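First up is the structure itself, then whatever we jot down about it.
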Amino acid sequence: MLKIGSHVSMSGKEMLLAASKEAVSYGANTFMIYTGAPQNTRRKPIEELNIDKGRAHMKEHGIDEIVVHAPYIINIGNTTNADTFSLGVSFLRSEIERTEAIGAKQLVLHPGAHVGAGIEAGIEKIIEGLNEVITTDQQVQIALETMAGKGSECGSRFEELAKIIDGVTHNDKLSVCFDTCHTHDAGYDIVHDFDGVLDEFDRIIGLDRLKVLHINDSKNACGSRKDRHENIGFGHIGFDALNYIVHHPQLMHVPKILETPYVGEKASAKPPYKFEIAMLRAQQFDPNVREKIVE
């Protein structure tokens with residue numbers, strides 16, 4: 001069965017219940033949340049996340065697997081600022097606790113940026129951070145995200161992610177989140193040779209570690225190292241390639257999460273997810289979908 005959903009908001013008093021309601025309104029059977037704003041460390045206590053009602057609503061609507069995304073501000077690849085590194089370590093620990101409390105198994109993490117020290121130094125720092133964070137008894141896997149390679153990001157090559165995984169002691173607690181936009185922007189030809197890219201991933205990392213897919217089109221050409229998401233079918237990856245990935249027989253069990261941009265003028269922009277999910281379920285591109293989203 002196809003597991004497809006999107007990023008949804010966990011906010012207000014309903015929190016997880018609100019997130020589940022939003023996902024259901026899009027026709028989703030999985031979803032991804034941040035436990036608070038992605039750009040800061042302000043978080044409500046676990047008891048205010050409305051977990052029981054949220055889980056009950058999920059069960060009622062056949063949602064059994066969800067994903068949590070760690071905030072962008074975590075950077076355990078920072079070799080120059082000890083405070084940034086230690087904040088990343090402590091906050092990642094608390095995010096694991098929150099993810100476990102919510103009942104999710106995958107916590108997506110941007111591996112980190114080396115801020116000028118070089119990829120090797122960044123990778124060593126990320127390994128150090130993950131070794132500090134991970135415990136043998138945690139239920140959650142940290143899903144390292146494939147990155148576009150903009151700025152000083154680590155993790156845009158499969159070899160870099162493999163090196164991180166190999167360096168972590170309890171690496172059974174690590175998985176990978178494959179982002180289509182990022183991987184395309186990093187230079188992998190997922191448009192014309194997705195099977196070849198998947199084989200390369202399997203050879204270098206292992207397909208058994210691929211636990212989350214971020215399904216995004218890209219505003220930029222392959223190898224641009226930009227990381228700007230586009231709506232499904234309107235970018236350089238295109239509908240056919242993304243549809244092929246979403247329905248790939250080797251990836252049917254993996255939750256697919258859309259993180260595409262809202263459509264329309266900023267103040268009144270509308271989420272595209274209901275329409276994009278429907279297109280991908282039907283395996284049929286609608287060139288007029290953006291007009292329908294803003295109607």
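A Cβ is built for glycine as well, from the same backbone N, Cα and C atoms used for every other residue.
Sequence annotations record features per position, and here Swiss-Prot assigns Zn(2+) 1 binding site to HIS69, HIS110, GLU145. Same-chain residues at least 6 positions away in sequence with a Cβ under 8 Å from that of GLU145 (Zn(2+) 1 binding site) are, in sequence order, VAL108, LEU109, HIS110, PRO111, GLY155, VAL176, CYS177, ASP179, HIS182, HIS214.
Annotation comment: Swiss-Prot describes GLU145, ASP179, HIS214, GLU259 as Zn(2+) 2 binding site, evidence class sequence analysis. Reduced to three states, the DSSP call for GLU145 (Zn(2+) 1 binding site) is strand.
Annotation comment: Swiss-Prot describes HIS182, ASP227, HIS229 as Zn(2+) 3 binding site, evidence class sequence analysis. Neighbour list (ASP227 (Zn(2+) 3 binding site), Cβ cut-off 8 Å, at least 6 residues apart, same chain): MET147, ALA148, LYS150, CYS181, HIS182, ASP185.
Note: GLU259 (Zn(2+) 2 binding site) has non-local neighbours SER6, HIS7, MET32, ASP179, HIS214, ILE215, ASN216, HIS229, i.e. same-chain residues 6+ apart with C-beta under 8 A of its own C-beta. Each of ALA148, ASP179, CYS181, ASP185, ASN216, SER218, LYS226, ARG228 belongs to the same chain as HIS182, ASP227, HIS229, is absent from that list, and has a C-beta within 8 angstroms of the C-beta centroid marking the Zn(2+) 3 site. The Zn(2+) 1 site is defined by HIS69, HIS110, GLU145, and by the 8 Å test on Cβ atoms against their centroid, the other residues of the chain that qualify are ALA70, TYR72, VAL108, LEU109, ALA143, CYS177, ASP179.
Within 8 A of the CB centroid of the Zn(2+) 2 site residues GLU145, ASP179, HIS214, GLU259, the other residues of that chain are VAL108, THR146, CYS177, PHE178, THR180, CYS181, HIS182, VAL212, LEU213, ASN216, ILE257.
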